Amino acid sequence: MKYTKCNFMMSVLGIIIYVADLIVDIWVSVRFFHKGQYIFGILTFSFMLFGTLVVQCFSYSWFKADLNKAGQEIQHCFLLLHCLQGGVFTRYWFALKKGYHVAFKCNSKTNSFTKEQIDQHKEVIDRVTDLSMLRLFETYLEGCPQLLLQLYIFLEHGQANFSQYAAIMLSCCAISWSTVDFQIALRKSLPDKNLLNGFCPKATYLFYKLFTLLSWMLSVVLLLFVNDKVGLFMLLLLWIVGLIWACKEQTQFCNSKSMEFLYRIVVGFILVFTFFNIKGHNTKCPMSFYYVVRVLTTLGILIGFWVYPLSIFNSDYFVPISITLVLSLLLGIIFLIVYYGVFHPNRSEETKYDETDGRYVQRDCRMKYFLME
């Protein structure tokens, strides 16, 4: 378990994407208000605010739990920083400051470490994994709805300004980066988990998530064009199903019941857009069912559009969108099969615990209760 210079650079890139995404979201929201498109402006700002508020709640809860575990009382300045939406930046400051010292000043060229060096690397890795989880929450709570909204606006009007293009691109980058970075950091923080090493496994996992998510986003946008109430009802229904599943699995992520319920709400929201296992069980059947339903729903929406084309939808965009949707869905399923059949870190183990949430690990850490894939 070693925090390297490459890990440090990935952390730096992570905060750059995080800050850029926030700036572009604010920029897009301001432009909507300036043009008199108040509904779009309010939605854009609301998605951003909701994501950051939830992330600040988890960040403060973790600070409090860590300090209580160390026998210290949390300072009021931490609460103030989180109220001012500065919790994630505070965490980045501590993680990068300690990470730079470990990676560049105390990094040994050999694999032999003293106990003090091991503890330093472990501390940094745990901090970085906390940040990866917070970015994952923020990405799916803010980035995915934001991407849906910008795609809907783009297809409705047939054109977009530079800020909307930037928002779409940065949302895709943030979703892709946070998902892969989360898996790398989480597996690195858990000693009983095999690492996600090598370029091919990481790239395959990235494309599997990216293409399946893209096809689903386009499908939802098309459904919203057919009937926005039906589309919103479907999203709400999927969130309720995900929440019920999280409650049924009896997740044990947080110390308090209120934060645990908030965690299950977030898990349900994530499951609307992509699959994650939230318990230490084999996920072959649940994941297969999840993506079978996803494929059938996507094809049903697409067929419905071809049979009953809408006059409000520009036909010049419909054909390329249909091709993009089908290709992304096909590529996503192919990369999913390749990842789990060839590159998954646990593929060679006799007992396959696909993920960890409550399974025993060798050391006590919050990460053992994280959702994982």
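Using the three backbone atoms N, Cα and C, a Cβ is placed for every residue, glycine included.
Here TrEMBL flags 12-33 (among others) as transmembrane segment.
Under the heading transmembrane segment, TrEMBL lists 39-63 (among others).
What TrEMBL records for 165-186 (among others) is transmembrane segment.
Cβ atoms under 8 Å from those of the transmembrane segment (206-225) belong to residues 144, 147-148, 151-152, 155-156, 172, 175-176, 179-180, 231-232, 234-235, 273-274, 291, 294, 297-298, 301-302, 305, 310, 312-313, 321, 324-326, 328-329, 331-333, 335-336, 338-339 of the same chain, restricted to positions at least 6 beyond its ends. Sequence annotations record features per position, and here TrEMBL assigns transmembrane segment to 206-225 (among others).
Look at TrEMBL and you will find 230-246 (among others) tagged as transmembrane segment. Panel annotation: around the transmembrane segment (230-246), residues 220, 223-224, 263-265, 267-272, 278 of the same chain, lying at least six beyond its termini, place a Cβ under 8 Å from a Cβ of the stretch.
When Cβ-Cβ distances below 8 Å are used as the criterion, the transmembrane segment (261-278) is approached by residues 54, 57-58, 136-137, 140-141, 144, 179, 209, 212-213, 216-217, 235, 238-247, 249, 251, 253-254, 286-287, 290-291, 354-355, 357, 371-373 of the same chain, each at least six residues removed from its ends. What TrEMBL records for 261-278 (among others) is transmembrane segment.
Long-range contacts of the transmembrane segment (290-311) within its own chain (CB-CB distance under 8 A, at least 6 residues past either end) are made by residues 212, 215-216, 219, 222-223, 225-226, 275, 318, 322, 325-326, 329, 333, 336. Residues or ranges marked as transmembrane segment by TrEMBL: 290-311 (among others).
The transmembrane segment annotation in TrEMBL covers 317-342 (among others).
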Legend entry - Residues of the parent chain within Cβ reach of the transmembrane segment (317-342), under 8 Å, 6 or more residues beyond its termini: 155, 158, 201, 204-205, 207-215, 218-219, 222, 291, 295, 298, 302, 305-306, 309
